[in-house]
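**Q** Before anything else, here's the structure in question.
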Amino acid sequence: FVKNSGICETTPGVNQYSGYLSVGSNMNMWFWFFEARNNPQQAPLAAWFNGGPGCSSMIGLFQENGPCHFVNGDSTPSLNENSWNNYANMIYIDQPIGVGFSYGTDDVTSTVTAAPYVWNLLQAFYAQRPEYESRDFAIFTESYGGHYGPEFASYIEQQNAAIKAGSVTGQNVNIVALGVNNGWIDSTIQEKAYIDFSYNNSYQQIIDSSTRDSLLDAYNNQCLPALQQCSQSGSTSDCTNADSVCYQNIEGPISSSGDFDVYDIREPSNDPYPPKTYSTYLSDPTVVKAIGARTNYQECPNGPYNKFASTGDNPRSFLSTLSSVVQSGINVLVWAGDADWICNWLGNYEVANAVDFPGNAQFSALDLAPYTVNGVEKGQFKTVDNFSFLKVYGAGHEVPYYQPDTALQAFKQIIQKKPISST
């Protein structure tokens with residue numbers, strides 16, 4: 001890999017590394033690592049994963065929370081003052097193989113089969129940079145990360161236990177936090193939330209009451225039974241069926257019922273934001289060479305996505321996995337921008353209220369309170385013990401793009417093992 005390519009992070013004295021680590025035979029997983037801008041010797045380590053399934057984490061790096069971003073259609077990036085490496089050593093990872101700059105053999109067909117390769121990457125990273133082995137570690141992710149985040153965290157905890165018991169050889173990963181924004185976690189809750197959110201949200205009514213009634217009928221008589229069958233049998237055929245039944249009856253009809261961006265309902269479907277400029281930049285041969293990439297950048301290639309679809313991974317619930325991660329005691333944040341449709345805040349809120357942990361009764365009974373950043377109300381939140389929910393005002397799917405200061409504050413609080421709180 002390449003040290004200090006001069007691309008993206010231009011803060012003097014802040015080191016960066018980009019390149020590949022082997023996670024299996026002919027499996028070259030791309031990572032881009034940035035030291036913390038402040039106190040890198042003590043700062044925690046945080047990994048960022050975009051969703052998809054099969055989308056590159058370079059999206060997050062360049063559009064959301066990385067050291068540089070593209071402003072107003074500029075063709076070259078400028079420094080991002082709200083970068084998450086202000087407070088953490090950040091590693092952005094392209095997974096599974098075939099996504100982004102990662103290349104080689106891809107045998108990942110589901111969230112569960114993706115997890116071991118992510119663990120392999122962390123082990124390979126520690127072998128190269130042993131000074132990070134003892135650091136606090138956090139996973140932050142969005143969208144399909146509602147599947148990835150809970151499963152990756154849970155797998156790491158299982159591996160830690162196996163290492164302690166002597167049945168697995170490897171380095172303990174000191175996981176302390178998980179953050180999932182606008183996540184797809186539980187289809188039973190979130191398919192219904194499409195209907196409720198589309199009828200009643202802060203920005204625009206997408207469906208009228210008679211459409212809502214017919215969609216609720218379709219949910220109860222078509223989508224829900226299919227999801228229950230997937231959940232009960234766990235079979236590929238039942239789960240792929242649930243995926244298509246719910247799409248045909250709920251998501252498809254609503255998303256085609258008006259001209260809106262499913263990632264930001266304030267905008268029309270041809271919304272140019274967040275700008276795609278970064279992907280043009282990452283196809284520049286000079287840039288590719290400088291960072292040590294060996295393949296053409298693919299933002300969200302079809303191949304990996306289709307493998308997940310073929311096993312019916314999407315409608316499989318990760319609510320119980322999320323619950324077990326909260327029960328393990330690590331600091332967990334479920335958060336969402338309030339203008340996103342596809343993984344809307346309402347579905348995320350109802351998932352959060354359903355998380356099974358000792359504080360659930362207290363948590364689900366709590367009303368949301370104002371969340372302020374330097375005295376300005378930027379959203380609403382609630383927190384009990386090690387579990388928090390945050391709704392962010394004026395933000396689409398990629399929250400840090402729309403509300404960078406709010407996102408940075410929430411990130412900082414969670415990685416420092418604190419409940420989120422107003423400032």
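In case you wondered, yes, glycine gets a Cβ from its N, Cα and C as well.
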**Q** Between Asn200, Asn386, which does Swiss-Prot record as N-linked glycosylation site?
**A** Asn200
**Q** Could you tell me which of Cys8, Cys55 is bonded to Cys300 by a disulfide, according to Swiss-Prot?
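**A** Out of the candidates Cys8, Cys55, the one Swiss-Prot links to Cys300 is Cys55.
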**Q** If you pull up Swiss-Prot, which of Cys223, Cys239 shows a disulphide to Cys230?
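**A** In Swiss-Prot, Cys230 forms its disulfide bond with Cys239.
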**Q** I need the nearest neighbour of Cys55 (disulfide bond) among the recorded positions Asp340, Cys343, Glu398, using C-alpha distances.
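**A** Checking each of Asp340, Cys343, Glu398 against Cys55 (disulfide bond), the shortest Cα distance is to Glu398.
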**Q** What residues, ordered by sequence, lie under 8 A Cβ-to-Cβ from Asp340 (active site) and sit at least six positions away in the same chain?
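**A** In sequence order, Asn182, Tyr263, Asp264, Ile265, Ala395, Gly396, His397 meet the Cβ cut-off.
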**Q** By Cβ count within 10 Å, point out the most packed of the recorded positions listed: Ser143, Asn200.
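**A** Going through Ser143, Asn200 one by one, the largest Cβ count within 10 Å is at Ser143.
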**Q** Taking only the disulfide-bonded residues Cys8, Cys223, Cys230, which one has a CA atom nearest to the CA atom of Glu398 (substrate binding site)?
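**A** Going through Cys8, Cys223, Cys230 one by one, the Cα closest to that of Glu398 (substrate binding site) is Cys8.
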